[in-house]
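If you check TrEMBL, you get these features:
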REPEAT    11-105  repeat 'Solcar'
REPEAT    113-203  repeat 'Solcar'
REPEAT    212-297  repeat 'Solcar'
Amino acid sequence: MVGMKPKDVMPSAAVKFFGAGTAACIADLVTFPLDTAKVRLQLQGESQIAEGVGALKYRGVFGTITTMVRTEGARSLYNGLVAGLQRQMSFASVRIGLYDSMKQFYTRGTESAGIVTRLMAGCTTGAMAVAFAQPTDVVKVRFQAQVRLADGERRYNGTIDAYKTIARDEGVRGLWRGCMPNITRNAIVNCAELVTYDMIKELILKYNLMTDNLPCHFTAAFGAGFCTTVVASPVDVVKTRFMNSGHGQYSSALNCAFTMLRNEGSMAFYKGFMPSFLRLGSWNIVMFVTYEQIKKGMSRTQQYWESPF
């Protein structure tokens with residue numbers, strides 16, 4: 001990321017890798033109920049078609065959260081948290097932590113990185129992350145989507161049980177369900193999120209609007225969250241629907257998208273937009289602010305050990 005002063009010690013790739021994963025986990029802990037509400041709203045169109053037009057259960061972000069707490073208990077807001085944290089440690093570490101390294105790779109070590117280079121770096125780390133973290137994303141979505149039945153029965157009894165059940169019933173490929181739409185989504189998200197954050201922060205520092213501190217990080221993260229939500233919502237909805245679908249419900253992600261368009265109209269691609277924005281905006285703020293502080297803290301520690309006097 002931009003903003004390091006010449007006297008600062010540049011954080012190593014390992015610091016960025018683990019720092020990004022840790023910061024993303026902290027952000028998930030804070031914003032997970034909003035993410036769960038987003039998933040329920042995105043899936044609501046399917047339940048309406050299956051149960052009838054009058055089956056509208058969730059209305060708005062806070063209405064969804066209130067309904068879930070009333071009917072399923074407060075713990076339902078954190079369904080899939082374990083898989084979510086597993087996802088962030090394996091996923092965010094790659095797509096965010098290796099972003100700077102990938103920029104340097106494409107620029108062959110030079111300092112200047114244009115918009116094309118940043119977009120290429122964002123697409124690359126986003127695709128790499130999905131390649132091995134997809135099963136954690138599938139399990140997270142399945143847990144967030146499941147509703148506790150009247151007799152207390154659940155679709156999955158735990159995180160490990162979910163991995164085993166999906167692999168047994170749907171094959172190993174079931175754990176990578178929705179991989180292609182997820183790669184598409186994360187290429188878009190990574191570019192919108194990291195590149196927007198990078199460029200907003202760079203402009204703020206270039207024109208001396210703020211110093212490289214918390215208000216600067218907050219502003220850049222908020223802008224990145226909004227841009228990401230606008231660009232990524234359609235792919236995110238398709239990804240959520242396809243990941244949660246039963247075996248054979250959709251023949252492909254494209255079939256899922258066309259089915260949504262035919263049955264629910266174009267606005268279906270923006271279902272859950274407000275919780276998506278609230279979640280992505282707040283997630284970006286918590287994650288980037290925490291990530292910047294971790295990097296600075298590790299840099300100071302490195303400076304101290306290298307020159308204690």
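Quick reminder: no glycine exception, Cβ is built from N, Cα and C everywhere.
Unlike curated records, TrEMBL annotations are generated automatically.
Broken down by DSSP into helix, strand and coil, the repeat 'Solcar' (11-105) contains 81 helix, 0 strand, 14 coil. Helix first, then strand, then coil: DSSP counts for the repeat 'Solcar' (113-203) stand at 73 helix, 0 strand, 18 coil. Counting residue by residue with DSSP, the repeat 'Solcar' (212-297) contains 73 helix, 0 strand, 13 coil.
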